[in-house]
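**Q** The transmembrane segment annotation in TrEMBL covers B:42-62, B:69-92, B:128-151, B:158-176, B:206-223, B:255-274, B:294-318, B:330-354.
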Amino acid sequence: MSRPSLLHEVRDKNTVFSFMQTQASPALNVDKQILLYLEGLSVSFDGFKAINNLNLYIGDGELRCIIGPNGAGKTTMMDIITGKTKPDSGSAWFGQTINLLEMDEPAIAQAGIGRKFQKPTVFEFLSVRDNLVLSMPDERSVFSLLKARISGEQQDRIDEVLSLIGLVEQQQLGAGSLSHGQKQWLEIGMLLMQRPRLLLVDEPVAGMTHQEMDRTAELLISLSGQHSVVVVEHDMDFVRQLAGKDRTVTVLHQGSVLAEGSMDQVQNNRKVIEVYLGE
Amino acid sequence: MLLWKLIKDDRGGQILLALLAIAILLVPMLNALPADHALHLPTYTVALLGKYLTLALLALSVDLVWGYLGILTLGHGAFFALGGYVMGMYLMRQIGDRGVYGHPELPDFMVFLNWDSLPWYWMGMDQFWFAAIMIMLVPGVLAFVFGALAFRSRVSGVYLSIITQALTFALMLAFFRNEMGFGGNNGLTDFKDILGFSLQARETKVGLFVASAVALAIGYLISRAVIQSRLGKVCVAVRDAESRARFLGYRVENVKLWIFTLSAMIAGVAGALYVPQVGIINPNEFSPLNSIEIVVWVAVGGRATLYGAVAGALFINYAKTWFTTELPDVWLFALGAIFVLVTLFLPKGIAGLFRRKEANA
């Protein structure tokens, strides 16, 4: 649970986290230890059911891996959670009080859901540092942005994240000049700045070297606990590394949950083998 | 001090503002020299320079939305023309009973149409302060309403460009109609004086030139203040990765809306300064081609630099004046050639030349 860190942040007058809390519509309530409820979700595009009666619960502080063949609805699911796509039916709640289906993307982001895209998406014409500055959960309205300044604490936080993602020396460079792997890291850094309660990560290790993959796995594992992390990934080695022995893995197939359990259970599940190996 | 902060890292802007300051001092002095002096600057040239400066201000406003927000507006001429029409209305009211028909209140074209009183929207236009507010308010409100509709429904890219074209085209057709009360296809002209100074007087023309230069400098500094703030960085972020900005919690449509509105207001001021210097405003200013031409100025000057837009507008308009007097048939070919050459050899426009030097230094 993140209570101690939350208390700690509330005590400091100017911390960004408390500001974000007041911005978010109703306060987040995770009394039942569940952060995200997706129930009976369905959405179809031109008759094709991308999501079909999907039920998924993500615990508070959990690290959940989601796998599934192409077209299983992984990205559509993320689109629904982040407000980009509205489902035809079903419900999506963030904690027990926040109805995600009534909010648009910025509101959901401000409520504490961060998203990393499959393709690294950073602001190429801004410096690495400015990318992080814009990601802080700070001013969001047009007129306060005009006179926004960076406080000392925010400065420290930026430096901390910069060293965590290994881009201290590149901080004044344009983000467009970074390598593919570095952009992935910068995007992860932007999510860290955002301090979301729930982090949705779409194929984080695409195009990364093995060392970078190991570092990413380490980072994501260290983030769980304080944040809930949902990772969608194709790379089985990476999923095994993340899930370890006891974390839950969810297999999506044709828009609904096919199997759920530990990595070993899932791998030995008959239905999963059928879907993956076509037997 | 505060102003210096705005242009501290902006070599192009420093040069631009320095040149404007020199022009404000030098042009009136050279113009005041006796006509046979070698350095004498004819009043005609002063008015021409003043006109260029207002067009540069217009280009600046387009660069703000196109260069920094990625909204390719092909209808900014509409905001310019609206500002111009408001100024034209004020100038018409200043004519008083000196019109051809000698009516104490109604402009000539209304007498000609057998109208017996001023339409309600001409009320108050005889007061300069009121007109001055309207010069910014009318384009601003139009841009706000248009932007609210377009950006909320997430119209972007080519579609938005086409709607902006439609906007200016529709306004052009509307202003061509006599019953609109804006002089139909003749527009508003035959102005006599502004704030009590005769528009024919040399001093007034110099004054309008200085006002245009000051307006350009202020417009530049305001745009610079926006661009330098975190809002400016959010603009660039929206331009380059709109959905990423949304998922970070920024209300992209609000950012677009306010910058678009600000830009339209700047364009309105530019139009208002343009009209007394050219002496006429008519519906052709709404012509879609005009708006496209502005975009060409900005492209030639270099996007997303602000000073590049100014340089592009001055360069193209000077070239236009030169060609249309010396080789009138060649002008359109020359414009095409300039555009092609700049695209080929100076993809970052005239401002790109500066930036290369900065990078080497």
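Count begins at 1; order follows the chain as displayed.
Cβ coordinates are placed from backbone N, Cα and C, and glycine is handled just like the others.
Note that TrEMBL annotation is computational and uncurated.
Tell me about the setting of these features in this model.
**A** Here the transmembrane segment (B:42-62) has Cβ contacts under 8 Å with residues 23, 27, 31, 35, 73, 76, 79-80, 202, 205-206, 208-209, 212-213, 215-216, 219-220, 223, 263-264, 266-267, 269-271, 273-274, 277-278, 294-295, 297-298, 301, 306, 309-310, 312-314, 317-318, 321 of the same chain, all six or more residues outside its ends.
Cβ atoms under 8 Å from those of the transmembrane segment (B:69-92) belong to residues 58, 61-62, 107, 122, 125-126, 128, 131, 134-136, 138-139, 142-143, 156-157, 160-168, 171, 175, 182, 187-189, 191-192, 194, 199, 235, 238-240, 255-256, 259-260, 263-265, 267-276, 281, 283, 285-288, 290-292, 294-295 of the same chain, restricted to positions at least 6 beyond its ends.
Taking Cβ pairs closer than 8 Å, the transmembrane segment (B:128-151) reaches residues 78-80, 82-83, 86-87, 89-90, 160, 163, 167, 195, 252-253, 256-257, 260-261, 263-265, 267-269, 271-272 in its own chain, all 6 or more past its ends.
Distant neighbours of the transmembrane segment (B:158-176): 71-78, 81-82, 85, 146, 150, 182, 184-185, 187, 282-284, 286-288, 290-291; these residues of the same chain sit at least 6 beyond its ends, with a Cβ under 8 Å from one of its Cβ atoms.
Sequence-distant contacts of the transmembrane segment (B:206-223) (same chain, six or more residues past either end, CB-CB distance under 8 Å): 3, 6-7, 13, 16-17, 20-21, 23-24, 27-28, 31, 43, 46-47, 49-51, 53-54, 56-57, 60-61, 63-64, 194, 197, 262, 266, 269-270, 273, 276-277, 306-307, 310.
Proximity of distant same-chain residues to the transmembrane segment (B:255-274), defined by a Cβ-Cβ separation under 8 Å and at least 6 residues beyond the stretch ends, is recorded for 50-51, 53-55, 57-58, 60-62, 64-65, 68-69, 71, 73, 76, 79-87, 132, 135-136, 138-140, 142-144, 147-148, 151, 208, 211-212, 215, 219, 222-223, 226, 231, 234-235, 238, 281, 285.
Tertiary proximity for the transmembrane segment (B:330-354) is limited to same-chain residues at least six positions away from its ends with a CB under 8 Å from its CB atoms, namely 11-12, 296, 298-303, 305, 307-308, 311-312, 315-316, 319-320, 323-324.
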